[in-house]
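Asks: Have a look at this one before I ask anything.
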Amino acid sequence: MISRAAAPSSSIASLSSRSLRAQAPAARSFATVQDNAPPVKHYGGLKDQDRIFTNLYGHHGADLKSAMKYGDWHRTKDIVLKGHDWLISELKASGLRGRGGAGFPSGLKYSFMNFKDWDKDPRPRYLVVNADEGEPGTCKDREIMRKDPQKLIEGCLVVGRAMNANAAYMYIRGEFYQEATVLQRAINEAYEAGLIGKNACGTGYDFDVYIHRGMGAYVCGEETSLIESIEGKAGKPRLKPPFPAAVGLFGCPSTVTNVETVAVTPTIMRRGASWFSSFGRERNAGTKLFCISGHVNNPCTVEEEMSISLRDVIDRHCGGVRGGWDNLLAVIPGGSSTPVLPKTICDDQLMDFDALKDSQSGLGTAAVIVMDKSTDIVRAISRLSTFYKHESCGQCTPCREGSKWTMHMMQRMEKGQAREREIDMLQELTKQVEGHTICALGEAFAWPIQGLIRHFRPELEARIREYSKEVGGNGPYAGGWHPEARAEGKLISPGM
C-alpha cells in the first residue's frame with residue numbers, strides 16, 4: 001500500500017495531469033484523418049469532347065469530307081512543318097505508350113530511326129503499320145479502319161514525319177476484306193486531295209501510303225514476322241539484333257507500330273501533350289479503346305480514360321455483367337494472351353499497364369473477355385491452348401513442342417484425366433518456355449495457363465479427384481491412369 005506521505009498533493013496531481021495532456025498528441029477524429037488525407041482521384045467517365053475517335057460507331061460517313069468536318073486533317077500542314085524534333089519531344093511529353101500490347105513509350109520508339117547522320121544514309125525509310133489484328137477478343141483496330149480511316153492515314157503522315165520516313169506500309173489481316181476496301185478508298189481520296197503523295201499537304205514532304213494484305217497467320221502480328229511477310233517470305237520471326245530501326249523492311253530503317261497508336265498522334269499534336277497526359281495515372285496517360293466481350297449485357301468497343309476501374313467500364317458501357325456483378329467468375333483483361341483474373345481481384349482492378357502488371361496480368365490490347373459463373377474456365381483456357389498450338393510457326397523448339405504438349409495436357413485437365421502432381425509439371429513447363437523463343441508467342445500460350453493454375457488450381461484438383469472416383473482409381477491408377485485406359489479411348493495423352 002502506498003503511504004499517505006508518498007501520495008502527491010491534489011495541486012501537484014492536477015498540475016502533472018495537465019502537463020501530460022499538453023504533451024500527448026491530440027486525438028485524431030475521423031474528420032481530422034479525412035482532412036489530412038490526399039484527395040482520391042477517380043478515373044473514367046470520359047466526356048464526348050475529349051474522345052479522339054468520334055466516329056467509332058459510324059454515326060457519320062468514312063469519306064474525306066465527313067472526316068474533315070469532324071476535325072481530321074485540321075492544320076496538319078502546320079504540324080508537319082514543325083519538324084521531327086518537335087514531334088518527338090511532344091510525343092514524349094504526352095506519355096503515349098504503344099497500344100498494341102507491349103506498352104513501349106512511343107516517343108522513344110519513333111526516335112530510334114533518327115540516329116546520328118541518318119540524313120546521310122541513302123536507304124529509304126519506312127513506317128510499317130501493324131493492322132494484323134488476330135488476337136482473340138480484340139476488335140479495336142478494325143473499327144478504326146472501317147469507321148475512321150482518314151484518322152489513320154493522317155496519323156501515318158505525322159508519325160512518318162517524326163521518323164523521317166518516305167512511305168508507310170499498312171499490313172492488314174487477310175480476313176479484313178471490308179476494312180482493306182474502305183481503307184484503300186480513303187487512301188485514294190487523300191491522294192486526290194493532295195494530302196499524301198508528292199508534296200504532302202503542301203509541305204514539300206513526299207510521303208506515300210501502301211496497303212499489303214496478309215494471309216491469316218497470327219504470328220505475323222509480331223513485327224519481324226510481319227516484315228518477312230511483306231517481303232514475300234514465310235511469316236517467321238527474325239532474330240534481333242539487328243533491330244528493324246536499323247535493318248527492317250527491305251533491309252532499310254523501319255519502325256513497326258500499332259493502328260491505334262498511329263491514329264491518336266495527330267489529335268495529340270493538335271490539342272497538346274499536356275491535354276493527353278491529363279488523363280489516367282502517371283506513366284499510364286491518355287485514352288484507350290477497350291473491347292468488351294463475353295458475358296456482358298451489351299458487348300461493345302468504347303474509348304475511355306486510362307486507369308478506369310474494370311467494374312466501372314463494364315457497368316458504365318456494357319450494362320453490367322450478365323446476371324449481375326456477383327455472377328462474375330473471371331475476366332481476361334487484355335486479350336487471350338494475358339493471364340486470367342478472378343472476381344476477387346476484378347472488384348478493385350484499374351485498367352492500365354502498371355496496375356494490371358501488379359496483379360500479375362497485363363493490359364495487352366485492352367480486349368476484356370468477361371466470364372460469368374456458367375463458364376467452364378478450364379475448357380476456356382484449353383481452347384486458347386489449341387489456338388496457340390495451331391498458330392505456332394514451328395521455328396523455335398520450345399514453342400513448337402511446348403504448345404503441343406500444353407494443348408494435350410489441357411485437354412486432359414479439362415476432363416480430369418491427370419494426376420495432381422501434373423499441375424505442377426504443367427506450370428513448370430510453361431515457365432521453361434518463357435524467354436526461350438524468338439518472339440512472344442511462347443509467353444502467349446504460357447501465361448493463360450499460369451493464370452489458371454494461380455487462381456483456379458482447386459478447380460483442376462477437383463476434376464482430377466472426380467474423374468478418379470468415376471474410374472475407381474486409387475494410388476497408381478488415380479486420374480485414369482489404368483492399363484486399359486488408352487485402348488478404351490478414355491485417356492488423352494501427348495502423342496496420341
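Our numbering is plain: 1 for the first residue shown, then up by one each step along the chain.
Using the three backbone atoms N, Cα and C, a Cβ is placed for every residue, glycine included.
Here Swiss-Prot flags 1-30 as transit peptide, drawing on similarity to another entry. If you look up Swiss-Prot, you'll see GLY98, ARG99, GLY100, GLY101, ALA102, GLY103, PHE104, PRO105, SER106, GLY107 marked as NAD(+) binding site, on the strength of similarity to another entry. Among the features that Swiss-Prot reports, FMN binding site is placed at 214-261, with the record citing similarity to another entry. The [4Fe-4S] cluster binding site annotation in Swiss-Prot covers CYS393, CYS396, CYS399, CYS439.
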Asks: How many other Cβ atoms are found within 10 Å of the Cβ atom of SER106 (NAD(+) binding site), counting all protein chains shown?
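Replies: Step by step: centre on the Cβ of SER106 (NAD(+) binding site), count other Cβ atoms within 10 Å, giving 27.
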Asks: To test your reading of the [4Fe-4S] cluster site: which residues beyond CYS393, CYS396, CYS399, CYS439, same chain only, put their Cβ within 8 Å of the Cβ centroid of those residues?
Replies: VAL219, LYS236, PRO237, SER392, GLY394, GLN395, ARG400, THR437, ILE438, LEU441, GLY442
Asks: Mind checking which of VAL256, CYS393 has the fewest other CB atoms within 10 A of its CB? They're the binding-site residues.
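Replies: Looking at the binding-site residues VAL256, CYS393, the Cβ with the fewest others within 10 Å is that of CYS393.
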Asks: Residues with Cβ closer than 8 Å to the Cβ of CYS220 (FMN binding site), same chain and 6+ apart in sequence?
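Replies: Expected: ASP132, GLY134, TYR171, GLY214, LEU226, SER229, GLY235.
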Asks: Near GLY98 (NAD(+) binding site), how many other Cβ atoms are within 10 Å of its Cβ?
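Replies: By my count, 17.
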Asks: What three-state class does DSSP give VAL256 (FMN binding site)?
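Replies: In three-state terms, VAL256 (FMN binding site) counts as strand.
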Asks: Expressed to the nearest Å, what is the distance separating CYS396 ([4Fe-4S] cluster binding site) and ARG238 (FMN binding site) at their Cα atoms?
Replies: 11
Asks: Cβ-Cβ under 8 Å from PHE104 (NAD(+) binding site), same chain, 6 or more residues apart: which ones?
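Replies: When sequence neighbours closer than 6 are ignored, PHE104 (NAD(+) binding site) has ARG97, GLY98 within Cβ distance under 8 Å.
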